[in-house]
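Novice: Feature table excerpt (TrEMBL):
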- 6-25: transmembrane segment (TRANSMEM)
- 32-56: transmembrane segment (TRANSMEM)
- 101-120: transmembrane segment (TRANSMEM)
- 140-162: transmembrane segment (TRANSMEM)
Amino acid sequence: TWCWKAMYFFLATGLSFLYAGFGWVPPSFVTGGLWIIFDIAFGMSWLVFWAVWIFLLPFAWYVGNQWALDELLSPLPFYFHNANILLMCAELMFSRWTVNLEHCIFPVYFGLAYLYWNWWLYSKIRVWIYFFLDYDRPSSVPVCLILVSLIVASFDFGAWLAKILK
């Protein structure tokens, strides 16, 4: 998600530079695409935040995995999993973007692409980055459905928060 955010901010900065420096107004398909990229970055930021605090940390605590707890709460992972919310909310507040619940499909598509990417990565390195994405577990289908629901719920929460912030 940080790579996606970097792409968003790179494109937004470039388009802002072209507008401010040369008066070039991008066509609607460009700004519409940037809006979709923002929606994905916004929605996935919330998903990462909730996945860590609702699933990963409690599960690590429940099974007594102190290493995972220490790792998730160490400075860099803590920053990665939490600062993304602040960054995307700041972008939302200082931009003209809105968050419409109808756009939740874009983070869902991104989440599914990330799921498939994890499956492909497992086929290459034989290590699951996230245990819950292991397709050999009987719980994999319900977990994937829960993840899609969590993406939609996270985006809905973000849309609700966006109305408060604007």
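Our numbering is plain: 1 for the first residue shown, then up by one each step along the chain.
Note: Cβ is positioned from N, Cα and C throughout, glycine not excepted.
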Novice: Sort out the residues at least 6 away from either end of the transmembrane segment (140-162), same chain, that have Cβ-Cβ distances under 8 Å to it, and list them.
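Specialist: Contacts with the transmembrane segment (140-162): 39, 42-47, 49-51, 89, 92, 98-101, 103-104, 107-108, 111-112, 115, 132-134.
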Novice: Grab the same-chain neighbours of the transmembrane segment (6-25) for me: Cβ-Cβ under 8 Å, and only residues 6 or more beyond its ends, written as numbers and ranges.
Specialist: 31, 34, 37-38, 41, 91
